[in-house]
Ligand SMILES: Cc1ncc(COP(=O)(O)O)c(C=O)c1O
């Protein structure tokens with residue numbers, strides 16, 4: 001960063017400090033990861049200078065011969081990896097990708113079913129504080145926490161028949177299980193809805209075939225962020241079939257071809273010029289995602305999550321859903337140690353373990369003082385952490401949260417964090433990271 005350090009030392013200093021924070025701590029927020037140097041180079045490239053409104057071959061500006069190469073490659077790689085007919089790689093992030101789908105197929109006031117926020121759904125899945133929650137009639141379904149997070153599909157079918165949603169949306173930001181997409185599809189076919197899965201969190205795990213792919217179950221649309229388990233730049237993708245899977249029953253406007261409707265919804269419907277540097281970096285992360293190394297990484301993310309969950313539960317942690325099938329888990333800190341999630345987050349921050357406070361299903365406490373914390377293994381697995389490291393981390397977290405007043409416990413935890421981060425260095429030497 002020689003140019004930046006000379007020209008703007010304040011910003012260069014903050015970036016350097018952030019690098020050291022990432023290197024010296026345990027990053028356990030399940031939606032975060034570390035991108036490769038190749039992804040960073042594409043993101044910091046001259047592609048950021050270019051306006052490319054439109055799509056490859058159909059741009060509103062001249063000089064797009066090389067951005068077309070980039071976007072076409074990104075689209076083809078995405079289609080191959082996710083086994084679908086169409087990919088729009090322009091959404092600036094996860095929230096606009098979902099908004100573009102809703103606005104493509106629904107009018108204000110139309111009905112859509114999504115998972116309740118406190119049960120794991122995302123803000124864009126109909127939380128009353130999001131504009132989407134105000135614009136559309138979201139019907140929120142829930143899980144059975146006492147049945148390890150199972151979704152009651154009989155109830156979902158009953159409500160869907162009553163409310164006739166245009167879209168059945170599944171997907172989550174804080175739910176430690178996999179879905180059986182067949183059940184969602186059955187409900188959607190019964191009521192003539194489009195099926196949409198927001199796999200923002202698990203996109204990389206699906207890409208590596210270690211979690212179920214909704215397209216294999218006949219889903220129409222899949223959205224994913226690119227910056228979580230997929231280990232790319234911040235961004236979103238909308239993946240789809242060419243035509244809806246239930247054309248005779250689906251809403252009138254979807255009988256046209258889905259890709260065109262979705263593309264128009266992203267541009268000019270919702271966005272202007274795509275961020276071509278971000279799309280170039282997405283192409284790179286998709287190339288990485290197709291390698292055997294990435295598949296092994298994704299497998300290890302799941303092994304690590306199981307190991308961490310087991311260690312935490314052995315040390316008295318009450319996990320929402322009592323275990324995990326994916327890369328994350330939510331600890332009910334109030335039930336486990338009688339401390340709220342915001343306090344747990346702060347205590348762990350003090351020893352260099354970064355997590356985030358989280359609601360638990362039907363949380364009696366408000367979002368800023370919720371009952372839980374959410375943690376996951378994607379970022380640490382990228383650094384090379386193994387299931388044995390996770391056992392140590394699980395014990396360390398439990399010790400700190402069990403003894404919130406103990407300076408000795410914190411001091412021991414800081415030593416553990418230092419040893420582990422030195423064992424698995426980040427962005428050092430000639431490594432790809
Ligand atoms: C399931 C899900 N969808 C959408 C988003 C939104 O992504 P972004 O923060 O990039 O807008 C997130 C982010 O956490 C998410 O978990």
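Even glycines carry a Cβ here, placed using N, Cα and C.
The (6S)-5,6,7,8-tetrahydrofolate binding site annotation in TrEMBL covers 117, 121, 122, 123. On its own chain, residue 123 ((6S)-5,6,7,8-tetrahydrofolate binding site) has 95, 117, 129, 130, 173 as residues at least 6 apart in sequence with a Cβ closer than 8 Å to its own Cβ.
In the predicted structure, the domain 'Serine hydroxymethyltransferase-like' (4-396) carries a mean pLDDT of 95. Residues or ranges marked as domain 'Serine hydroxymethyltransferase-like' in TrEMBL: 4-396.
Under the DSSP three-state reduction, residue 228 (N6-(pyridoxal phosphate)lysine) is assigned to coil, being neither helix nor strand. For residue 228 (N6-(pyridoxal phosphate)lysine), the count of additional Cβ atoms within 10 Å of its Cβ stands at 27 [all protein chains shown]. The N6-(pyridoxal phosphate)lysine feature in TrEMBL is assigned to 228.
Here TrEMBL flags 227 as site 'Plays an important role in substrate specificity'. Counting only residues at least six positions away in the same chain, the Cβ atoms of 31, 33, 35, 233, 234, 235 sit under 8 Å from the Cβ of residue 227 (site 'Plays an important role in substrate specificity').
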Extra residues within 8 Å (Cβ to Cβ centroid of 117, 121, 122, 123), (6S)-5,6,7,8-tetrahydrofolate: 114, 115, 116, 120, 124, 125, 126, 127, 130, 173
Residue 228 (N6-(pyridoxal phosphate)lysine) and residue 121 ((6S)-5,6,7,8-tetrahydrofolate binding site), distance between Cα atoms, whole Å: 16
Spatial separation of residue 228 (N6-(pyridoxal phosphate)lysine) from residue 122 ((6S)-5,6,7,8-tetrahydrofolate binding site) - C-alpha basis, Å: 14
Annotated recorded positions 117, 121, 123, 227, 228, filtered by Cβ under 6 Å to ligand 1: none
